[in-house]
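Colleague: Just dropping this structure here.
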């Protein structure tokens, strides 16, 4: 696929994800009536999934696959997406992610938990400590303060901003880091196919999309890190 065609597809999908996230985020924080619990639960689910998508946009930008015809501009889009998602600094995430690819599943991998390689909750705690610091907390508090000044209710902020952010962080961790890189208990051991220390799930297209924008096809991603998320199912079939 040409760089131009991949750029058009990637940018179009990114625009849809960002636009949907912004619209639902604003609706949830400022306008939804909490007297409709089913609608609220559906909105939380959608925002959780779209929040994961916001990070995936930034992730593709880190590999230059969001806008291969103009990678630097792609990085700016990725930076916006990940800032909207949780106040993250793209420039801080970028070297960490490339360290992960250079040293997958090792003590030098910032995404790996060498002391608890089969314990999801302990690993998730380490994951949060690595990526959520004072900067992110301050930015989130400032955003919450701004939302309240604009008339948002605390319960709406918790349900449609904080909760989707937390749930999506675990979603990204569990399906995109823990399951692909975890160590299986003896006698299975790790059972990794090669030096990438990553495995892929056996989910079908829809479940793969819903769980983590196809990043459960993780071995394929490590083998071809420049392949955007929406092309991973085709790589998995091969």
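Each residue's number is its place along the chain shown, starting with 1.
Note that Cβ sites are derived from N, Cα and C of the backbone, with glycine treated the same way.
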Colleague: Transmembrane segment per TrEMBL sits at which of 94-112, 113-131, 132-150?
Modeller: 132-150
Colleague: May I ask which of the stretches 6-31, 38-57, 132-150 has the most CB pairs under 8 A with the transmembrane segment (156-175)?
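Modeller: Maximum Cβ contact count belongs to 38-57.
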Colleague: Can you break down the domain 'Fatty acid desaturase' (135-237) into helix, strand and coil residue counts using DSSP?
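Modeller: Tallied per class, the domain 'Fatty acid desaturase' (135-237) gives 66 helix, 0 strand, 37 coil.
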Colleague: Which sequence positions outside the transmembrane segment (6-31), separated from its termini by at least 6 residues, show Cβ-Cβ distances below 8 Å to it?
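Modeller: Apart from its flanks, the transmembrane segment (6-31) reaches 43-44, 46-47, 50-51, 53-54, 56-57, 60, 65-70, 77, 80-81, 84, 147, 150-152, 156-157, 159-161, 228, 230-231.
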Colleague: Quick test of the contact rule: Cβ under 8 Å, at least six residues beyond the ends. What residues does that give for the transmembrane segment (38-57)?
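Modeller: Here the qualifying positions are 14, 17-18, 20-21, 24-25, 27-28, 32, 66, 77-78, 81-82, 84-86, 159-160, 163-165, 167-168, 171-172, 210, 212-213, 215, 229.
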